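A.B. asks: Taken from Swiss-Prot, the feature substrate binding site applies to T7, S8, N9, K10, H11, K12, S74, F154, G155, Y156, D157, K177, H182, R183, supported by sequence analysis. Positions annotated as Mg(2+) binding site by Swiss-Prot, on the basis of sequence analysis: E38, D73. Swiss-Prot lists D73 with the feature active site, proton acceptor.
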Amino acid sequence: MKIILATSNKHKVLELKEILKDFEIYAFDEVLMPFEIEENGKTFKENALIKARAVFNALDEKQKKDFIALSDDSGICVDVLEGNPGIYSARFSDKGDDKSNRDKLVNEMIKKGFNQSRAHYVAAIAMVGLMGEFSTHGTMHGKVIDTEKGENGFGYDSLFIPKGFDKTLAQLSVDEKNNISHRFKALELAKIILKILNKG
């Protein structure tokens, strides 16, 4: 069984390939011509399923027998921002790039009079294939701070300190991050489903 990742985000592709290294993984643009997918769901799970369905439906009939489309939708929910940016994490600012998104998060927090806040990451993994549709979830709790620290990672990693740590995700090694991340937890559950489907 082959897995096609329903993302063109290079950081996510690397992270997903590392965690799913027991499987034959292909990035979206290694198999298909890139196309835009409108993420108009109201939850992480809905958006993950929208992306996985779109990629699976773009495969030809032969490819559909060989591939399962796997998608991740994830984001950060900040308590003092009433759970925002949530599903809009990747496009929180007008520019929609990581730095602008982080800057907006910090500015919104400071506007409310806070220099840190409890927060959590959520990841939803969706898998779509001829055998059906499946999804898993993972969370990671901690806090966001108002000063970026660390060079690793992407997204909001340089602002997020996981519970039980005194470093941001961007200060942790890839292995340290992968062992505690929301995406890792959701993918560990997804791997169980994928192994069962592979036997079937």
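Just so it is clear, glycine is given a Cβ too, placed from its N, Cα and C backbone atoms.
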A.B. asks: Fewest other Cβ atoms within 10 Å: which of the binding-site residues T7, N9, S74 wins that one? Let me know.
C.D. replies: N9
A.B. asks: Which one of these binding-site residues, E38, D73, D157, has the sparsest Cβ neighbourhood, judged by other Cβ atoms within 10 angstroms?
C.D. replies: E38
A.B. asks: Give the residue from the binding-site residues H11, H182 that has the most other Cβ atoms within 10 Å of its Cβ, counting over every protein chain displayed.
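C.D. replies: Highest number of other Cβ atoms within 10 Å: H182.
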A.B. asks: Using only the residues recorded as binding substrate (T7, S8, N9, K10, H11, K12, S74, F154, G155, Y156, D157, K177, H182, R183), report the maximum Cα-Cα distance in Å, whole number please.
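C.D. replies: Looking at T7, S8, N9, K10, H11, K12, S74, F154, G155, Y156, D157, K177, H182, R183 as a set, their Cα atoms extend up to 21 Å apart.
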A.B. asks: Closest of the binding-site residues to E38 (Mg(2+) binding site), Cα to Cα, picking from T7, H11, D157, H182?
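C.D. replies: Checked the binding-site residues T7, H11, D157, H182; minimum Cα distance to E38 (Mg(2+) binding site) goes to T7.
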A.B. asks: Have a look around G155 (substrate binding site) and count the other CB atoms within 10 A of its CB, chains all included.
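C.D. replies: For G155 (substrate binding site), the count of other Cβ atoms within 10 Å is 21.
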A.B. asks: Reduced to three states, what secondary structure does DSSP give G155 (substrate binding site)?
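C.D. replies: Note: G155 (substrate binding site) is coil by DSSP, not helix or strand.
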A.B. asks: What is the interatomic distance between the Cα atoms of D73 (Mg(2+) binding site) and H11 (substrate binding site), given in whole Å?
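C.D. replies: So the alpha carbons of D73 (Mg(2+) binding site) and H11 (substrate binding site) sit roughly 13 Å from each other.
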